[in-house]
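Single-structure report; data block below.
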């Protein structure tokens, strides 16, 4: 575990850190679980949109859990600006726009394209972090790219980016979405 998160050392010597009533390991588990729900629901919802199916409840689950992933990420006891905070800020901003396009504008007109772009970016950011964490935490992957600058890591991130660009483009090309978005629901 990152020494910054253990009481008695790191950035918070001698202090037991509690977030939302949870120990750091429990909070990490909650944050990861929310993130994985966001990723799985996004991997269901967005490809369905590329095929012309809106799946309102799955979209809602994706948007809410992906936003919760970003918001819970801000609660970790970091000092100063980190790449994780930057990703969280960017994700939060694109998700606010995605919420407005999906729920406020019902994917009508330009909102469909705006949603396609922002939802795809939000899912990509969550998957980007998953790949980063995979290379940091999974020993077999870490041996391939211990610093995150090696070709296997770069190839994984490059492939992910290409797949997400293809997915976003497929959603943008789907003409039936605006008609099907009328019966959307967050529940």
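Using N, Cα and C of the backbone, Cβ positions are placed for all residues, glycine too.
What TrEMBL lists as transmembrane segment is 17-48 (among others).
For 60-78 (among others), the entry in TrEMBL reads transmembrane segment.
Residues or ranges marked as transmembrane segment by TrEMBL: 84-106 (among others).
The transmembrane segment annotation in TrEMBL covers 113-133 (among others). Away from its own ends, the transmembrane segment (113-133) comes close to residues 35, 38-39, 42-43, 45-46, 49, 59, 62-63, 66, 69, 84, 87, 90-91, 94-95, 97-98, 101-102, 105, 107, 148, 153, 156-157, 160-161, 164, 167-168, 171-172 of its chain (Cβ-Cβ under 8 Å, at least six residues beyond either end).
Same-chain neighbours of the transmembrane segment (153-172): 46-47, 49-50, 112-113, 116-117, 119-121, 123-124, 127-128, 131, 135, 144-145, counting only residues six or more beyond its ends whose CB sits under 8 Å from a CB of the stretch. Annotation source TrEMBL lists transmembrane segment at 153-172 (among others).
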